[in-house]
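What follows is a short report on a single structure.
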Amino acid sequence: MPSSISWGLLLLAALSCLGPGSLAQDAQETEASKKDQEHPASHRIAPHLAEFALSLYRVLAHQSNTTNIFFSPVSIATALAMLSLGTKGDTHTQILEGLDFNLTEMAEADIHQGFQNLLQTLNRPNTQLQLTSGNGLFIHQNLKLLDKFLEDVKSLYHSEALPTNFTNTEEARQQINSYVEKGTQGKIVELVKELHRDTVLALVNYIFFKGKWEEPFNEEDTKEEDFHVDEATTVRVPMMNRLGMFHLHHCSTLASWVLQMDYLGNATAIFLLPDKGKMQHLEDTVTMEILSKFLKNRETTLVDLYFPKVSISGTYDLKTVLHSLGITRVFSQEADLSGVTEDAPLTVSKALHKAVLDIHEKGTDAAGATFLEMIPMMLPPDMKFDRPFLVVIYEHHTKSPLFVGKVVNPTLQ
């Protein structure tokens, strides 16, 4: 049996249509689950996900300050936690500690129950906010997985076990790509470019998101305007515009403007526009604790807002990034994945992640409804997001950052 495991995290986040996922059909209303709704297990892991998200962001930002950044910390963490079920020793400890968990303070069972609850919550049908996540376990036809690992990834992470002929790398590549393409309604195609011939197992995770603004922009008000990438570079972008009441505050601690824009449903986009020359300060200073204070402050102010249409993506080989967070052994010959299979020693050869973000005017689908907003009779201040800014998409039920990114140049896909 080949002695290599190729692990792919293939993830998608996009403001595009997708129907509700299948996990919600498995979540049954029991007395215990009703009781847990007040203090769900996902809330216990939320602070750790937030810390992991910002740590991962800082590593990516340190690699380059001239490129867009966009990723889903929830999806990456979910895939790593799922993989940890089959690891032992230092390999096991590194993964969970890299996710900001301290096993002396939180039982491992609570960690996995937290992710189980997180996935059930995110995949619950919602007529306003469309969000789903999927996990696929592609297994070499001749590889015998341990029953406990297979049972745990199915019950806790709702992973599909899919027999795969990895001896035919092209056939296996097409099978994985078809799974991702179907799960993302055609948004991502040909994501896996090549597979190593020694691959025996691939973990594939995707997340898909479509949000509708509570208060959409009018397409007729969108005009081409300048966006200042840096002091030497200016690009023309479609700039959306809306006069109205916004959750907008200036934070002296972050030296940034903080704008919250709600989606219909249970999610909010937080945009952080640093004062000129203060991007590095913002990146070094921002914490989820600070952002949580703004999420609780729902005061509004009258603003004439200008915001660029955005269509960006982030594609990452996570191996180097995770090394910076102390997750190294799983990628080495010393990796202990003996909880996955006893057939052969395994190591993770590849960890891929892709996320896509689209921001546009459409807050709702066309419908016979009218929205009237009352605004004071005064000259409002302008607020232009015409230079690089950060974005965090936050889900309220799970208290988790679904996506984190930086828009440096809205015209670069």
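Glycine is no exception: its Cβ is also placed from the backbone N, Cα and C atoms.
What Swiss-Prot says about this protein:
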type	residues	note
CARBOHYD	N65	N-linked glycosylation site
CARBOHYD	N102	N-linked glycosylation site
CARBOHYD	N165	N-linked glycosylation site
CARBOHYD	N266	N-linked glycosylation site
MOD_RES	Q25	pyrrolidone carboxylic acid
REGION	368-387	region 'RCL'
SIGNAL	1-24	signal peptide
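Each residue contributes its Cα atom, and for N102 (N-linked glycosylation site) and N266 (N-linked glycosylation site) those atoms are 29 Å apart. With a 10 A radius on its CB, N266 (N-linked glycosylation site) counts 18 other CB atoms from all the protein chains.
The DSSP secondary structure for N165 (N-linked glycosylation site) is coil.
N165 (N-linked glycosylation site) is surrounded by 12 other CB atoms, counting those within 10 A of its CB over all protein chains shown. Each residue in the region 'RCL' (368-387) has a pLDDT score, and their mean in this model is 59. The candidate set comprises the glycosylation sites N65, N102. Of these, N65 has the most other Cβ atoms within 10 Å. Here N266 (N-linked glycosylation site) is positioned 41 angstrom away from N165 (N-linked glycosylation site), judged by their C-alpha atoms. N65 (N-linked glycosylation site) and N266 (N-linked glycosylation site) are 31 Å apart (CA-CA, integer value). DSSP assigns N266 (N-linked glycosylation site) to coil in the three-state reduction, placing it in neither a helix nor a strand.
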